[in-house]
Amino acid sequence: MCLEPISLVVFGSLVFFFGLVKYFKRGERQRTRGILQPEYKDKYYYSKEKGEEMGEVANVNEIPVKIRNHKYPAKEHNLRVKDLLLNRNPKLSKISTAFFIAGEELEGNKYCDTNKDFRQNRYFYHLSGVDIPASAILFNCSTDKLTLFLPNIDEEDVIWSGMPLSLDEAMRVFDIDEALYISDLGKKFKELQDFAIFTTDLDNVHDENIARSLIPSDPNFFYAMDETRAIKDWYEIESIRKACQISDKSHLAVMSALPIELNELQIQAEFEYHATRQGGRSLGYDPICCSGPACGTLHYVKNSEDIKGKHSILIDAGAEWRQYTSDITRCFPTSGKFTAEHREVYETVLDMQNQAMERIKPGAKWDDLHALTHKVLIKHFLSMGIFKKEFSEDEIFKRRASCAFYPHGLGHMLGLDVHDVGGNPNYDDPDPMFRYLRIRRPLKENMVITNEPGCYFNQFLIKEFLEKHPERLEVVDMSVLKRYMYVGGVRIEDDILVTKDGYENLTGITSDPDEIEKIVQKGLKKPRSGFHVIV
């Protein structure tokens, strides 16, 4: 068919136009169809070139729908602290009150021109939502006015780091009433000469006149801040949920990648890599990545042993998202199949967690749930033969023999810190069963906690908790115990939101042992080309 030149131009223009329409529609779908959105959480596409299932590429800037276009609610947090502080100390209602917090500053490494990793003061962040070093906030309880003080512009720093956030930009980004520079602090404090001004500490307060006008370390002020942080608002809950979603996929990646995980450090690397690719710029704590007998160390820090010849892996790792952290632990067999002893221990811990989970609701006493998990452990150990059958469950419980295998608490508060504030622990408790329990209060709605029972076979724990206490050692069949030592330990940890009538498990990665075996086995069948192709 022969077309005139003018017709070719028109035809080409139409093709180009419809091509653009298709392109932008496709782009819109990509923008609204991120892998991290709940409705696409389990969606995958098939790569014909590689002949394998692959996840969609994550959008590192994806923001949860519920908090999209919302500022971090700093004003609301300040108002809650104010109400709790005045209720705690009614005398303050008769005088003018304010609180001031100086944020963390960049700290240099000795003898070089690099800085330590910056981590914002959590109290400061909770009352500001600001992650800028050397900033400060002032909240006037009389006017409910929140003022942010940004560091003065350093021309030399601009040469290397670019222009910092301007005052106008700060007003648009943060939930504040006023933005000033640090150089304006003195003038602002002159307006508050008759105020009682509370602060956390004087560590980053460099003006002596301002320091003299502050009241540091007041227990009522800390109570008000801790209680406010303990009960999460909607924005905080969605932030933790997002952190959990990032960690879910990172744990799945670790379970699926044993062919390229020859050392514990490579387990850590796999988790951090996938967390970073999803926008988790840091972890909430140093990850625990251990194998074999090392799994019996509660907070293992080496992450350096080869995995060859080990039967078990334990990874305790949680990504942060916008300062809020997750905290998830999973265990899996290196062969893709639990050994008989590993499976028994795993199902014991899973039963401990499930029994506690069923009872999580407002008003539940954490002490009672913790004690319950010890009783579940004792029941299983009697069945396994580790505890001698001539002793009753109650007798073993009273002797605290289970503490040799489960020395830590059932869980802790979770939020801006991995071991968040507000749990009211009592580390001086003479009872070994409760000494390390980090929550010693009834649960309340909108608390976020971890549910993380464990079972460990650790020579040091056996020596400290059994051999030094004959009444405990008496109930243990050491010949049976020896068969389980190679397992090291098992801990299963989920992040739980206490709801009005019960709980919501924010953790999505499976803890079902059959499903875990399938995930590991599928990963073991992948060829080398199915993973990172360079190293």
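Cβ atoms are placed via backbone N, Cα and C, with glycine included.
Database features (Swiss-Prot):
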type     : residues                       : note
BINDING  : Asp316, Asp327, Glu493         : Mn(2+) 2 binding site
BINDING  : Asp327, His412, Glu452, Glu493 : Mn(2+) 1 binding site
CROSSLNK : Lys50                          : ubiquitin cross-link
TRANSMEM : 8-24                           : transmembrane segment
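Taking a C-beta cut-off of under 8 angstroms and a sequence separation of 6 or more, Glu493 (Mn(2+) 2 binding site) has the following same-chain neighbours: Asp316, Asp327, Ile328, Thr329, Arg330, Gly411, Thr450, Asn451, Glu452, Thr507.
The number of other Cβ atoms within 10 Å of the Cβ belonging to Glu452 (Mn(2+) 1 binding site), over all protein chains shown, comes to 25. Neighbour counts were taken as the number of other C-beta atoms within 10 angstroms of each residue's C-beta; across the binding-site residues Asp316, Asp327, the minimum falls on Asp316. Its Cβ placed at the centre, His412 (Mn(2+) 1 binding site) has 22 other Cβ atoms within 10 Å. Same-chain residues with CB within 8 A of the center of the Asp327, His412, Glu452, Glu493 CB atoms, the Mn(2+) 1 site residues themselves not counted, are Asp316, Ile328, Thr329, Gly411, Leu414, Val418, Thr450, Asn451, Asp494, Asp495. Other than Asp316, Asp327, Glu493, the residues of this chain whose Cβ falls within 8 Å of the Cβ centroid of the Mn(2+) 2 site are, in sequence order, Ile288, Ala317, Gly318, Ile328, Thr329, Thr450, Glu452, Arg491. DSSP classifies Glu493 (Mn(2+) 2 binding site) as strand under the three-state reduction.
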